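Q: This is the structure, below, for whatever I ask next.
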């Protein structure tokens, strides 16, 4: 064995190991095409290769290299000449062997150890040693089994013992119907295939316990002969055996006793088991016992690994997968029942076939470079390392001064061209071996950048960016990076430079975007490449969906507003509870929202909005809770019955995600109000029971409604009927009153008891009364089915004590309380005295009076009424009478005001006292006068004539003068088109005037007038009017809207009627084919002034000079030739040119206009 390297040499090995990781031959096809490369095994068959004898044998061996390698095989360590065996062929360009056994050859003839060698001019690579074995599924030996007789309660083992196969078979127990036998804690199959009974029962008797073995490689199943088991009790067992042995009892009369557990597997209290690292450890404990024992497992030297361990076969098997060295130790299984327990300790040792710590890797070196190949493996026991070169032991290989073997490493220093080779490392111990190939390829290559040119990298802001610069070269090139203008080499923050050439930016910002250049250099040349980085804005959900609580059958909307980089195209999807949305038309997913129409309870859950771009995504979730009215309570039950109470319980219905606030209990009285449900009581939503207080003599049914945040549930199904017994009334009628309707009676009224309040049949009322302070004894009467009683012959308005008592067939109600009432009232007998009137102003007067004597009221005084009327006006022109009016005042008042009087009038009044019976006699009539007031509005006010600089105004006095008129006030001001007003002028007019003409006004100017009448008390409300002075003197027509004048409406109606008649005549003549004379004249003369109408126009018959007389309209012609004395009802001449036409309905379609000149804009503004 070689000496261990010194510390210095170990450091050198580590340094070299670090160096070689920087140069790998990339798997770039274009690069590999031009580089020589030693062979590398790429695919091979497994070390243990079990073949199916019914199929051809294929042993795989594939390899790559430059030039492409050739292949050879060894069989059992010697050269295998495949040309000598016609059944063996090698695939083209491959080392894979195909052995044809379809001609009847036996596969076992080719059972051997095969190894493949791939070689080219740079070296040779070896495959694993492949052991070929034929799969086997032998038959079960023929044997017959006698029936097994077992006493009930005993343990039993049925052996399987399947034939040895390759690979081993899978064992299971079934009956002859291919139904698996049921297994339990009492009956189970062991790891060896045997069937174990901890104790047998009579039901275990069967004649077809069959063990099956399935051979997975050939997919065949072998069946063992059936085993019969008869389980009998003690007496039956003695009787049965006596038949065989001359009536001799072979068993005692004592039955099988219960017993403490004893292990059937494994035996003893200690055992051991070895397992290889990475394999599956199975530990088994099966116990006999009655009752059936329970099995448990513990590890004495640590804890059982939770994730890799599982209990199987009803806790009888502990299975640990992927075993490691930490799983070694002592495991204890315990089996126990109520009679005791038993323990067994299994010592587990873990061994390991060799496994790689650091498998050798290919090494590419430039001439004169240094490198190292390392082969590190572990195992238990420790593996032995053996090196080979091109398939030959390293000791037998050609000597190379640049190569030095150091235990598990080979160090190469100052290698030379031609030193390329493939080295094999074999690490082995007693449990297996590892074989790895690693080549040393001595190359001299200038740098090559393998990353695609002008590649664009996109990254989200604040995320890391990785810009690749994959390269190759020998010696290993040095890589540097530049940005944009290449003003300087990149270094330091925020850049990180990886050994494989990649440039990393930890946190990308917008300023990091741009063009980047990577440059690879070695002593043989230089290569560069350009890439681009684009930094994008992150995708963010600005308005995420929010938690929603929605009632059933309502709609719900989830919003999902997203912001993203403008250059990226987002896509939004919605998830429900992490999965796809239901395939339902009610779900409408839009760009930024999700709508669910008519939600149901199944729609409740978590909804997630997921927004994706090609670079990033964002998501947000919200929960939907669907609430609804609660379901109706169920299972109503009546308990604890009492004379006047019962206990009601119920089961709440589904709350539908909204907590129940309360329960409402309703009742139906089937005796008195069948079909009518009334509220009885309420209880909190946390209770499901209520103690109900009941009334006698009722047939109760109950129902319950639940209330939550959405509303009430449907009523529950009614409870069974509960009847209470009759009893005397618990209460008397309420609202007892005594009052009179006549001056000599007393009417006693009350609110009757309901059927439920009656407490029994035969309900009556005892009515009692006596005059307060006068009578000691009560007068009474019994009545039924009424709510009032009239006492006649009473004094007028005296107090009475009144009572009403209920009684039924079971007795009277409680003693009632007396109520004070009064007999009927009579009209007051006296009138108020000392009536006087004080006039406060023109519309208000105050009346004074004295109280009437109390004895004259003959009842309860309710107040005083003042009756007054306007007799006449003090003005000679207005003397009409007003209607009677009255004002009421309270019983304690001795004065009152009369509002809204007419000024300058004569009034009369009288005062009466009144009670509930009515009014008493009136006081003596008083007369008074109201002073003058301001007048009302004038009867009318209008502009009667207009000129260039003057307007004539007319008016009439007010209908309500309210005094003697002293004159009129006229105020006026100009108004322009934007409604701005000028200075206000004012003038006073005499009371006997009815018109005025204002001179020196501006022509074509609009004026606004305010006109009011006045008395000595001041001016009354004003009338307003507007008018415009004319532009030309001919335009003197008054500003009257003739469209509203009766004469104009009549004239236009006559014209329309005449036109209609003419149209009818024309229509008749045209249908007869007649020709109008006027048409003949037009054709004969061809007067250019009289142009023919269009074919669609309707022409009229002959017309004379009389027809040429102008019609007159309310507009003044523009020529201004109408005389000043023209009446208001004349029409302006209309033009007789061809433009003046009538429609077929007789209406004018030409303009009303003069013979020349445009119409006046001033007149247009007036019309």
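Any Cβ shown, glycine's included, is placed from N, Cα and C.
Just so you know, TrEMBL annotations are computer predictions that nobody has curated.
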Q: Could you tell me which of the ranges 691-715, 716-740, 741-765, 766-790 is annotated in TrEMBL as region 'Disordered'?
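A: TrEMBL lists region 'Disordered' for residues 716-740.
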Q: Select from 1047-1068, 1069-1090, 1091-1112 the stretch of residues annotated by TrEMBL as transmembrane segment.
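A: It is 1047-1068 that TrEMBL describes as transmembrane segment.
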Q: State, in range form, which of 138-228, 261-349, 354-441, 632-727 has the highest count of Cβ pairs under 8 Å to the domain 'Ig-like' (538-625).
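A: Checked against 138-228, 261-349, 354-441, 632-727; highest Cβ contact count belongs to 632-727.
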Q: Where DSSP helix means H, G or I and strand means E or B, what are the helix, strand and coil counts for the domain 'Fibronectin type-III' (729-826)?
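A: Going through the domain 'Fibronectin type-III' (729-826) residue by residue, I get 4 helix, 47 strand, 47 coil.
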Q: Could you tell me how many residues in the domain 'Fibronectin type-III' (831-933) are helical, how many are strand and how many are coil under DSSP?
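A: The domain 'Fibronectin type-III' (831-933) comes out at 3 helix, 51 strand, 49 coil.
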Q: Which whole number is the mean pLDDT over the domain 'Fibronectin type-III' (831-933)?
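A: Within the domain 'Fibronectin type-III' (831-933), the model's average pLDDT equals 92.
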Q: Please spell out the DSSP helix, strand and coil residue counts for the domain 'Ig-like' (138-228).
A: 3 helix, 36 strand, 52 coil
